[in-house]
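A.B. asks: Take a look at the following structure, please.
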Amino acid sequence: MSDDFLWFEGIAFPTMGFRSETLRKVRDEFVIRDEDVIILTYPKSGTNWLAEILCLMHSKGDAKWIQSVPIWERSPWVESEIGYTALSETESPRLFSSHLPIQLFPKSFFSSKAKVIYLMRNPRDVLVSGYFFWKNMKFIKKPKSWEEYFEWFCQGTVLYGSWFDHIHGWMPMREEKNFLLLSYEELKQDTGRTIEKICQFLGKTLEPEELNLILKNSSFQSMKENKMSNYSLLSVDYVVDKAQLLRKGVSGDWKNHFTVAQAEDFDKLFQEKMADLPRELFPWE
């Protein structure tokens with residue numbers, strides 16, 4: 001196993017925990033069930049935060065489950081070896097996560113009533129968060145510098161491919177009734193209201209005190225202190241420095257890292273790539 005990428009259908013994956021044959025099975029053979037709830041994101045867009053919220057919604061705010069079972073078991077990654085196997089044996093209703101672009105997602109989803117919550121985030125913050133996260137992980141190709149990672153991200157030669165392609169692939173689904181589009185920014189700005197929106201989408205109701213418990217137990221500080229959610233359980237086989245894996249949980253951190261030239265270049269790239277999508281889709285713009 002090397003610090004490189006596994007390539008499948010032109011998309012990069014880690015070399016540990018993923019296999020081309022499993023990725024093919026996920027797309028062609030995995031059966032999505034109508035009761036499934038799926039968290040769909042491009043990496044570093046708030047996946048674990050949303051998973052924590054959904055787990056707490058399931059337990060009505062009670063923290064016992066999230067404090068006793070690792071987050072990757074509560075919401076497994078369907079495309080990973082472990083996740084694919086576990087989910088195939090899990091009874092309904094299932095909660096799981098995926099970073100897959102639309103062309104690699106299980107085909108069975110498109111004829112199912114399963115519910116997808118797609119969480120997107122300002123790609124500038126995604127870029128910064130990804131740089132600090134991935135450089136601490138083993139079994140992936142690492143950039144020599146921040147500048148090199150910036151270039152890779154703009155070109156789409158990073159894990160799970162281009163952010164722009166990921167968004168473009170999934171956005172046509174946003175009008176479907178089993179697809180909820182959210183942004184990290186709105187979740188951050190008004191977490192309570194966004195949780196209510198998720199409840200409405202999933203057909204769930206929460207008492208005010210249950211909502212307050214969810215807000216308390218899914219806060220960044222609570223997650224950082226919860227060893228089942230903060231990655232501290234990850235084996236040293238996977239990680240270089242665990243301290244960096246849950247960093248800030250804020251919006252706008254990119255301003256502390258982009259040079260003026262990088263900010264200008266990225267603005268130009270964003271305008272070019274996203275010109276065909278309505279501006280109001282992106283609350284950070």
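Keep in mind that glycine also has a Cβ here, set from the backbone N, Cα and C atoms.
Quick caveat, the model's predicted, so the values are computed rather than measured.
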A.B. asks: Run through SER20, SER88, SER251 and tell me the one Swiss-Prot describes as phosphoserine.
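C.D. replies: Record lookup, Swiss-Prot, feature phosphoserine, residue SER251.
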A.B. asks: Within its own chain, what residues at least 6 apart in sequence put their Cβ under 8 Å from the Cβ of TYR184 (3'-phosphoadenylyl sulfate binding site), listed in sequence order?
C.D. replies: SER45, GLY46, TRP49, LEU119, MET120, ARG121, ASN122, ASP125, SER251
A.B. asks: Rounded to an integer, what is the Cα-Cα distance in Å between HIS99 (active site, proton acceptor) and ASN48 (3'-phosphoadenylyl sulfate binding site)?
C.D. replies: 12
